[in-house]
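K.L.:
Can you keep this structure in mind? I'll have questions shortly.
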Amino acid sequence: MPVLLRAKAHGLVVTGKNLHYEGSLTLGRDIIEAAGFYPLEKVEVYNVTNGARFTTYVIPGRPGEVVLNGAAARLGEVGDVIIVAAYECVANPASHIATIAIFEGNKLKEVRKISLSDMY
């Protein structure tokens, strides 16, 4: 089965770092809901500011919060712009729909739903 993008939060800004936390990425519940992530879901993080890419999981936080925890805290700084993406194995790619949430300053600007048919 192909692995396709399921959910993406684009344009998030890191608001904090916690090196001595056990690990993960804290996202505000508002961000989790808008993008369609699940708590404890495995995600890929792409740091637009410095080019770092890493895998972690989501934990819910306060509205607007984007905190790099544990080892991930070494891969970004407060103020860095990041993209967070979740993928899934898809049995029927033709009917797959992904959610793309666009943020500015950690405030939701737009939500798009895209399908493979939108790509052709």
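Glycine is no exception: its Cβ is also placed from the backbone N, Cα and C atoms.
Per Swiss-Prot, active site, schiff-base intermediate with substrate is recorded for Ser24, and the stated evidence type is sequence analysis. Annotated active site, proton donor per Swiss-Prot: Tyr57, in sequence order, evidence recorded as sequence analysis. Residues or ranges marked as substrate binding site by Swiss-Prot on the basis of sequence analysis: Thr56, Gly70, Ala71, Ala72. Positions annotated as pyruvic acid (Ser) by Swiss-Prot: Ser24.
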K.L.:
How many neighbouring Cβ atoms, not counting its own, are there within 10 Å of the Cβ of Ala72 (substrate binding site)?
P.N.:
23
K.L.:
If you run the three-state DSSP split on the residue listed as 'active site, schiff-base intermediate with substrate', which class comes out?
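P.N.:
In three-state terms, the residue listed as 'active site, schiff-base intermediate with substrate' counts as strand.
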K.L.:
Near Gly70 (substrate binding site), which residues of its chain come within a Cβ-Cβ distance under 8 Å, counting only those 6 or more away in sequence?
P.N.:
Asn18, Leu19, His20, Tyr21, Glu22, Gly23, Ser24, Thr56
K.L.:
Hey, what's the Cβ neighbour count for the residue listed as 'active site, proton donor' at 10 Å?
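P.N.:
Its Cβ has 16 other Cβ atoms within 10 Å.
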K.L.:
Between Tyr57 (active site, proton donor) and Ala71 (substrate binding site), how far is it from one CA atom to the other, in Å?
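P.N.:
Each residue's Cα considered, Tyr57 (active site, proton donor) and Ala71 (substrate binding site) end up 12 Å apart.
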K.L.:
So around the substrate site, Thr56, Gly70, Ala71, Ala72 aside, which residues have their CB within 8 A of the centroid of those CB atoms?
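P.N.:
Other same-chain residues near the substrate site: Gly23, Ser24, Leu25, Phe54, Leu68, Asn69, Ala73, Arg74, Leu75.
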K.L.:
So the record assigns Thr56, Gly70, Ala71, Ala72 to substrate. If I measure every Cα pair among those residues, what is the longest distance in angstrom, as a whole number?
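P.N.:
Greatest Cα-Cα span of the listed binding residues: 10 Å.
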K.L.:
Around the C-beta of Ala71 (substrate binding site), how many further C-beta atoms are within 10 angstroms, looking at every protein chain?
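P.N.:
I get 12 for this one.
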